[in-house]
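Taken from TrEMBL, the feature pyridoxal 5'-phosphate binding site covers B:Thr79, B:Ser80, B:Phe107, B:Pro108, B:Thr109, B:Asp110, B:Thr147, B:Asp176, B:His179, B:Tyr201, B:Trp231, B:Thr257. Taken from TrEMBL, the feature N6-(pyridoxal phosphate)lysine applies to B:Lys202.
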Number of protein chains: 2
Amino acid sequence: MRQRFQLPEGVIYLDGNSLGAMPRAVPARMHRAIEQEWATGLIRSWNDADWYPAPQRVGARIARLVGAEDNEVIVADSTSVNLFKLLVAALRMRPGRSLMLGERGNFPTDAYVAQGVAEITGTQFRAVEPDEVLAALNEDVAVLALTHVNYKSGQAYDMAAVTRRAHEVGALVIWDLAHTAGAMPCALNDCEVDFAVGCGYKYLNGGPGAPSFAFVARRHQEGLRQPLTGWHGHARPFAFTHGYEPAPGIDRMLVGTAPQLGLIALEAALTAFDGVDLQALRAKSVALTGLFIALVDQELGAHGFGLATPRDPALRGSQVSLTHPEGYAIVQALIARGVIGDFRAPDILRFGFAALYLGHCDVWNAVAALKSVMAEGDWRKPEFMARKAVT
Amino acid sequence: MRQRFQLPEGVIYLDGNSLGAMPRAVPARMHRAIEQEWATGLIRSWNDADWYPAPQRVGARIARLVGAEDNEVIVADSTSVNLFKLLVAALRMRPGRSLMLGERGNFPTDAYVAQGVAEITGTQFRAVEPDEVLAALNEDVAVLALTHVNYKSGQAYDMAAVTRRAHEVGALVIWDLAHTAGAMPCALNDCEVDFAVGCGYKYLNGGPGAPSFAFVARRHQEGLRQPLTGWHGHARPFAFTHGYEPAPGIDRMLVGTAPQLGLIALEAALTAFDGVDLQALRAKSVALTGLFIALVDQELGAHGFGLATPRDPALRGSQVSLTHPEGYAIVQALIARGVIGDFRAPDILRFGFAALYLGHCDVWNAVAALKSVMAEGDWRKPEFMARKAVT
């Protein structure tokens, strides 16, 4: 499967959890989209190149990776915008309740969006510690919104158990699959999940700023009222009527004109999953993250690293996070040696293991490089300690 | 300037008001973005390829086309989503008022979004006929939202006069510049406009589904509270704090990760405006639309067409719309002859004249083709009468 990706020489890429590597299928497809479909086909390509149904078609490809069916997943907008739509829609389905529940350590945009929803809807957003989530579920909670795999620690929730408990108190559940989709199997329908959002540019490898996806369980689609009522979510967008009337099914999650260039790149990228057994992908991922932890234990014991990710593979996604007070500079020094991970404030060194394009050898070499960085102390150089705009 | 665009052989493209033609600068720039910045640079390109400041940088290019200053325009999301943000922000700036005023013939998404805002904020949206707008302005109106050039008729409002009248009653104004930006000069700051949104894929030629732009006058930026509070609009997105704190200035209009591939295409496309005098562009546009109207009068009088666009050039944008009860089939027959316009229900034939890449000769040949379609009756063929998904 590694041959399906174009990776630079001399780089071990452990940041596919932030921006996935480029699948080789992308450039030729984009060339065709730009030179033929846009430049030559022009406006006709909305019909002739099947641009118009792309959000649904790409959604169906993602549905297979997250345990959903066709017409339960659609690609649109950003993860933040999709979360806004679904939080409001969920609140509207629980009119007697006014509480959104989340987790304090969640990726910030999820908290920020919930704060924005609380303000505009006059409801409340409460964020608790991860181990307090189940106890905080009660009949005031309209919707529980969690990220399945934590962006910092790599820790994964038990999706089935948490969803079941939320449903027991009558709450709806939104899972953010940013660090799940494409990294590990996910069984949205088997877990009876209500809604989900996810990211196109991490383990799905759709390219920088790729559009996001949203899942709405079929049982909720006809009752869904999301607030961003744009023309592409209308029942008859080309009738150009004055009054909004939501499209049947998942299409009502659409807002404006779909970002075709991003959609086309994402669609081509998803062919990297063709024929991939997600259980085998998971087994490889667990082997890679397990080996990394074992080698860090064995090789780096003297250098003051902590482990932020659970040792039990059932409790983690496809990343391993270390802690170190000099984490920022260490990550920069490691990048200079060709091993690309990233840093998350205040002290997290993140290493993502995209099992489609990484092997055990990469893990050995990455740990060896980290050991050299620490032994030789090159992270102390000023150029590694100066912060960049994007960390 | 036509040499800056790649146009197919045998086509006269009069639909740049729907999807702009492809600037020749785009393919090489996209190739570099994909093969070098993404595939080789990977996550490092957020810093090294200046991906991170792209929304502001591309916004500054657009600012010059719409009479705004750097840091008053930013590129993000879709036009519909940006309109949602600004309608809510405007309502919050006028807390004693609960009315959004619009125009009944506006592009539907503008009306749909306002209806969605009305529902979630508990305010009202009132749409009146275009000639009733000024009379409907009163001290209940928090915000007036209009499209400067109507998508169907091509009729243009007097931006200065309407804005002034709205301000006299204390209302804020949002202009939708979908059919203005890149087509004609626009003086947002001279007209003391409060807010604007616009489209990247029409006269700005950014490619299918290109991201949108939003304008916020500098005097309103510090007080702006838009509801889609995502991490890229945060004051310190990479501090990963729990509480939302808006970025200073226009940056708070951002939500999620910027759609880089779309942004990069749009940025390259905008180089087609380098050195262009917008007054000269407007003069050419007026000459083209004027010639089209004159030739339609002269050549097509017997075929039952009406003119939906004002004859006074001061009252129109860069398109001419005809009416005909068989408009749909006529447009399809015309496309088969290589003259691409489009149709808008129920009876509008739209012809956009993007003055950067069209000449007077194109206008003559387009009218000749339309005359042949009518004289030979080829629009009556069944393949031209059958509706496609996107019209």
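Using the three backbone atoms N, Cα and C, a Cβ is placed for every residue, glycine included.
Any TrEMBL annotation is an automated prediction that lacks curation.
A map of TrEMBL features onto the structure.
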{"residue": "B:Thr79", "record": "pyridoxal 5'-phosphate binding site", "DSSP (3 states)": "helix"}
{"residue": "B:Phe107", "record": "pyridoxal 5'-phosphate binding site", "DSSP (3 states)": "coil"}
{"residue": "B:Thr147", "record": "pyridoxal 5'-phosphate binding site", "DSSP (3 states)": "strand"}
{"residue": "B:His179", "record": "pyridoxal 5'-phosphate binding site", "DSSP (3 states)": "coil"}
{"residue": "B:Lys202", "record": "N6-(pyridoxal phosphate)lysine", "DSSP (3 states)": "coil"}
{"residue": "B:Trp231", "record": "pyridoxal 5'-phosphate binding site", "DSSP (3 states)": "helix"}
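Taking the binding-site residues B:Phe107, B:Trp231 in turn, the residue surrounded by the fewest other Cβ atoms inside 10 Å of its Cβ turns out to be B:Phe107. In sequence order, the recorded positions near chain A, meaning those of B:Thr79, B:Thr109, B:Thr147, B:Lys202, B:Trp231 whose CB lies under 8 Å from a CB of that chain, are B:Thr79, B:Thr109, B:Trp231. Cβ neighbour count for B:Thr147 (pyridoxal 5'-phosphate binding site) (all protein chains, 10 Å cutoff from its Cβ): 25. Checked against the residue listed as 'N6-(pyridoxal phosphate)lysine' by C-alpha proximity, the binding-site residues B:Thr79, B:Phe107, B:Thr109, B:Thr147, B:Trp231 yield B:Thr79 as the nearest. Long-range C-beta contacts of B:Thr109 (pyridoxal 5'-phosphate binding site), restricted to its own chain and to partners at least six residues apart, with a cutoff below 8 Å, comprise B:Thr79, B:Ser80, B:Leu83. For B:His179 (pyridoxal 5'-phosphate binding site), applying a Cβ distance below 8 Å and a minimum sequence separation of six or more within one chain yields B:Asn17, B:Thr147, B:His148, B:Val149, B:Asn150, B:Tyr151, B:Gly154, B:Lys202, B:Tyr203, B:Gly317, B:Ser318, B:Gln319.
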